[in-house]
């Protein structure tokens, strides 16, 4: 049977390229990118105090751009390239034209697509770390932290777990879409960096209300919907397993959100919007390592646990454990990502279905990927316990690597620039750091006009507007003195 003319191989579409897979992979990568820009940019900028809105949003935007340059310069090959040492690839540039159009290490895709897809995962990891540091980190220190961390910390776990030659990948660790590489990593690194940077001001720690909850929900919605590409893109093919991963993702997330909401209602008497958003995030994180290898009923059980266990660690345990109380984790990244990611990794070792693992890994030795539950069911308890042991080993490895490397990076940066903002900047916020503020209330648009806003005006007015203030007062005096 002859193929339609549009499916015939040609120079731009070699025989190994699958156009459908490539189209979906580019779409999935863009969905993941939208989770960061504008998703987390909006979420961070609106969930913090007004005085930190610009700084918080810009930390996310900067990280997205900086990671891309590091990624194509050396990071991708360190994560997915030729072996350098047992847990790291050889640093090399990924911009050669011929290399970009050659076939990727997995799937029916060119390297350019794979580089783009893996970049958005690396970028969102750094942006999640930023969530633990909002409201006090020196922006210059953050500018140094991002390239150092993606180079010397992220690449280690990405290579070890996701690269076919990685030592944990060879042991059979199941991390479908980043429960370990992204979420556990960002939770541990964020918590560690928050320790070294130090806390926000006492006033900010005691009261840190969102400046715009509706806008926060818009960012959260982009985060949730973007997870369709986050988990649906990791089989690297348009398959039944990708469809399963997408549906499981949303089922677990909805269950987790409702569970968190019910607990808030029971114990605090009010349905918290911020709390529901946290429950949404823990559900997304928990299902990520298991998305395409568990059944729907398991996704619901995982959602119930991801909506309750991180809720307990955040709302109860955090207030009782001395060490947790010492670290100011602004967005509770430790609970929403490290705890939820670890929980998801462990439950993957319990509920992973052998058949779904075969669909995902497409390997001849897929049989050793089996959850403990199915190990008991199929009479392969040893294999089930082995899988759970590998999942626990992966958690220990990720925690050790990122706690160690993040500490080293923070200490090195502190030798060059302060990690924490000055006390004066901490009191003022955005205006002291960037010379800009998020919202122009009456008169603020003039007081805080940026010099960059008037670049095309030959005779731009100076920002001080005493005359405008006088006009404002005269207007109200005249209005109130009018006869009724």
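Just so it is clear, glycine is given a Cβ too, placed from its N, Cα and C backbone atoms.
Values in this document were obtained by computation on a predicted structure and should not be read as measured data.
TrEMBL lists 24-439 with the feature domain 'Ammonium transporter AmtB-like'.
Listed by sequence, the residues of this chain that lie at least six past the ends of the transmembrane segment (24-45) yet keep a Cβ under 8 A from its Cβ atoms are 53-54, 56-57, 59-61, 64, 107, 109, 113-114, 116-117, 119-121, 123-124, 127-128, 130-131, 134, 215-216, 218-220, 222-223, 225-230, 232-233, 236-238, 242, 331, 438. Feature annotation from TrEMBL assigns transmembrane segment to 24-45 (among others).
Per TrEMBL, transmembrane segment is recorded for 52-74 (among others). Listed as Cβ neighbours of the transmembrane segment (52-74) (distance under 8 Å, sequence separation of 6 or more from its ends, same chain) are residues 33, 36-37, 40-42, 44-46, 91-95, 115, 118-119, 122-123, 126-127, 130, 133-135, 137, 139, 142-143, 146-147, 150-151, 211, 429-430, 433-434, 436-439.
Per TrEMBL, transmembrane segment is recorded for 115-134 (among others). Non-local neighbours of the transmembrane segment (115-134) in the same chain are 25-26, 28-30, 32-33, 35-36, 40, 44, 48, 52, 55-56, 59-60, 63-64, 66-68, 71-72, 75-76, 79-80, 94, 100, 142, 146, 149-150, 154, 158, 178, 181-183, 185-187, 189-191, 193-194, 197, 230, 233, 329-331, 333-334, 337; each lies 6+ residues outside the stretch with a CB under 8 Å from one of its CB atoms.
Look at TrEMBL and you will find 139-160 (among others) tagged as transmembrane segment.
Under the heading transmembrane segment, TrEMBL lists 180-198 (among others).
Per TrEMBL, transmembrane segment is recorded for 210-227 (among others).
Same-chain neighbours of the transmembrane segment (247-268): 224, 227-228, 230-232, 275-276, 278-280, 282-284, 286-288, 290-292, 294, 296, 299-300, 302-304, 306-308, 311, 315, counting only residues six or more beyond its ends whose CB sits under 8 Å from a CB of the stretch. For 247-268 (among others), the entry in TrEMBL reads transmembrane segment.
Look at TrEMBL and you will find 280-312 (among others) tagged as transmembrane segment.
As annotated by TrEMBL, transmembrane segment applies to 332-352 (among others).
Residues or ranges marked as transmembrane segment in TrEMBL: 388-417 (among others).
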Taken over the domain 'Ammonium transporter AmtB-like' (24-439), the model's mean pLDDT: 94
